[in-house]
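The structure appears below as structure tokens.
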Amino acid sequence: MGTISLAVQLFIVFLLTSYLLNKYSTIRKQNPIVTISTFIGWYFSLIIVFVLPLDVAITFFHKCENDRQRILNTTTSTPAPVVPECELPGGYVPDDVLFNLWRVVYWSAQLLTWLILPLLQSYVTAGNFTILGKIRAAVINNALYYAIYSLCFLAILIYAMFKGVSINIENLKVIVVSASNTWGLFLLVVLLGHGLVELPRSLWHHGNRHYRLRKTYFDIEKLASEKSEAEENVKDIYKKVRVLFNSMKNDSNGQRRKVRTILSKFSDDVIDNLFPSRQVIDNAHLDESGPCSEAKLISLHKKTIYAVQTLNNATAQWKVLVDRALFLENLAFSESNGYNLELSRNTCVPIGVRRFWYTRLQTPFCRILGIVTVFMTFFVLFSECTFFVVSYTLSPAAFVTEYASTRFHYKYTQFVAFGIIVYLITSAYFTIFRLQIYKYYHLDPNGHTDENSILFSAILLCRLTPPICLNFLGMIHMDSHISMAKSFGIETQFTKLMGHLDVIPILAKGINIYLPICIILLCAIHYYRVGAYVLHNIGFDQFVEADEMTNDMINSGRSLVQIERNSIKRSNDRSQRTQNWTNSFGSSNAGNGSTTSKFKRSNKNDEERPMLEDDDEEVEESSTRISMMSPTEHPSSSGFFDDM
């Protein structure tokens with residue numbers, strides 16, 4: 001029965017991973033190897049939500065059995081005392097099954113994060129034209145990183161030898177695992193320092209529509225320059241490639257075929273948007289260095305891939321931000337003027353339910369959820385700062401887990417562990433899914449994420465999987481090599497797999513001191529937004545309240561949204577006039593001559609009506625037709641918190 005329960009939980013994680021991967025990427029357009037590798041990385045990083053609490057509950061069960069057996073062996077009274085039987089926790093599986101599952105999860109994650117995913121990342125961005133050439137380029141690009149990793153491992157190995165550690169196969173494995181997990185722990189500290197603060201803050205601000213609208217205006221203005229720069233870059237590269245292609249009409253070396261491959265990276269939609277007339281003005285000239293070499297074509301191909309990805313990301317973000325601003329404006333207008341918010345019917349959720357959510361429930365729900373996450377943040381922070389104190393149980397996470405096992409039943413520790421690990425994972429992964437690295441990494445929740453970004457996210461998630469488990473077990477005093485607690489007696493299957501982190505003394509003793517200090521320091525930096533103010537003062541655009549530059553960008557963003565609204569309105573009016581003309585023309589062909597003449601007079605009057613008169617009437621009717629001027633659906637209707 002326990003195996004079936006575990007299989008059901010693994011299937012739930014499978015469905016969740018499939019949903020997230022389909023939400024953030026376009027599976028049909030991706031390389032199948034990229035999709036499969038990313039899916040495995042995401043799956044193994046989410047599987048710990050169910051497997052780790054089960055491991056904790058089974059460990060408490062083994063502790064109960066050991067205590068019961070010790071009581072039976074040490075008692076001398078007759079008759080023997082009645083010792084209650086230890087009840088199996090829900091979803092119990094044998095230790096060897098759990099141990100082998102952890103082995104698959106851990107080593108698969110390590111193989112993906114250190115070898116497969118970095119090579120795939122370089123492979124998809126390589127400019128070579130053959131598979132073998134891309135593989136060679138990927139190996140060369142990663143050679144420097146592997147050399148740095150080798151030097152770090154050599155330094156740790158020399159340090160271990162000076163400390164008297166015997167160098168054998170088992171200790172070498174432990175040293176590699178310890179170094180990898182230590183790097184992952186510090187990465188986890190950085191992500192938690194951001195996520196533990198920004199997750200409650202984002203939920204709180206999500207309930208403030210005025211703040212969200214101003215922030216959206218700011219983001220639109222900030223993105224406008226990046227989008228314009230990306231468009232100009234794509235234009236220049238396309239002109240160069242087109243000139244190069246036209247100059248190779250008599251090519252006999254196969255170079256023209258490679259240039260055609262580069263041209264195929266520019267989709268028809270991109271060309272139509274950048275060159276509406278389909279006429280490329282030749283402002284670029286080939287270099288005077290002779291015929292184009294293979295290296296130049298590879299470099300041009302790589303630049304093309306990078307430029308097109310940058311433009312696609314900017315265009316996708318632009319559409320999402322504009323749709324969000326239009327929706328928030330419509331929502332504010334409907335509330336201030338008493339009109340019902342018009343929503344589309346393209347979802348299975350009834351319109352009345354969605355309207356009630358947006359107008360009545362969203363704000364208080366987000367505020368309450370923000371308060372709950374603030375409490376959980378303090379809970380986690382206090383646990384991080386006190387988990388190494390074992391003389392008294394000061395860690396709230398350890399106290400709650402121990403209280404649930406002694407006061408109620410140890411099987412309830414599975415639910416307590418599930419709640420704590422879910423918030424830890426949410427805080428850390430929240431940062432990964434919101435992180436934006438300039439023109440390199442961005443996860444778009446509308447399926448426009450490029451292959452490089454989706455692979456980089458899988459690298460981060462795989463690298464965080466073991467450290468999150470170690471950190472959680474240390475918080476609840478179930479990892480003696482982290483919390484220095486020696487009295488529990490039973491270790492989890494995950495700890496048995498990991499080996500001893502205290503083989504290298506500096507890794508074992510320093511982690512209890514530096515990890516809490518770093519988390520508190522980073523949380524304070526993010527709470528007071530020190531980084532944002534520093535970047536703002538040196539010239540980078542940052543959203544700072546009550547700042548003149550920020551207000552100017554908000555006003556500029558509002559103007560851009562108004563331009564987009566007018567463009568949508570004109571497009572809708574044009575489509576409506578075309579539809580009316582088509583319907584009238586069809587009815588005139590089916591009717592008599594009088595109907596035809598009536599249509600002509602009506603059509604003539606419509607065509608000859610002055611444009612200013614149309615504008616005046618549109619202004620008068622704009623307040624009652626706001627739903628026709630912009631999208632009538634929230635831009636992320638599939639998830640309420642996608643635009644956090």
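The backbone N, Cα and C atoms fix where each Cβ goes, glycine too.
As recorded in Swiss-Prot:
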| type | residues | note |
| --- | --- | --- |
| TOPO_DOM | 27-31 | topological domain 'Cytoplasmic' |
| CARBOHYD | Asn73 | N-linked glycosylation site |
| TOPO_DOM | 125-141 | topological domain 'Cytoplasmic' |
| TOPO_DOM | 195-367 | topological domain 'Cytoplasmic' |
| TOPO_DOM | 434-453 | topological domain 'Cytoplasmic' |
| TOPO_DOM | 524-644 | topological domain 'Cytoplasmic' |
| REGION | 567-644 | region 'Disordered' |
| COMPBIAS | 624-644 | compositional bias 'Polar residues' |
Tally of residues which DSSP labels helix, strand or coil - the topological domain 'Cytoplasmic' (125-141):
12 helix, 0 strand, 5 coil
Let's see if you can do this one: DSSP helix, strand and coil counts over the topological domain 'Cytoplasmic' (27-31), in that order.
3 helix, 0 strand, 2 coil
In the topological domain 'Cytoplasmic' (434-453), how many residues does DSSP call helix, how many strand, and how many coil?
4 helix, 4 strand, 12 coil
Count the Cβ atoms, other than its own, that fall within 10 Å of the Cβ of Asn73 (N-linked glycosylation site), considering every protein chain shown.
7
On average, what pLDDT score does this prediction assign to the topological domain 'Cytoplasmic' (434-453)?
83
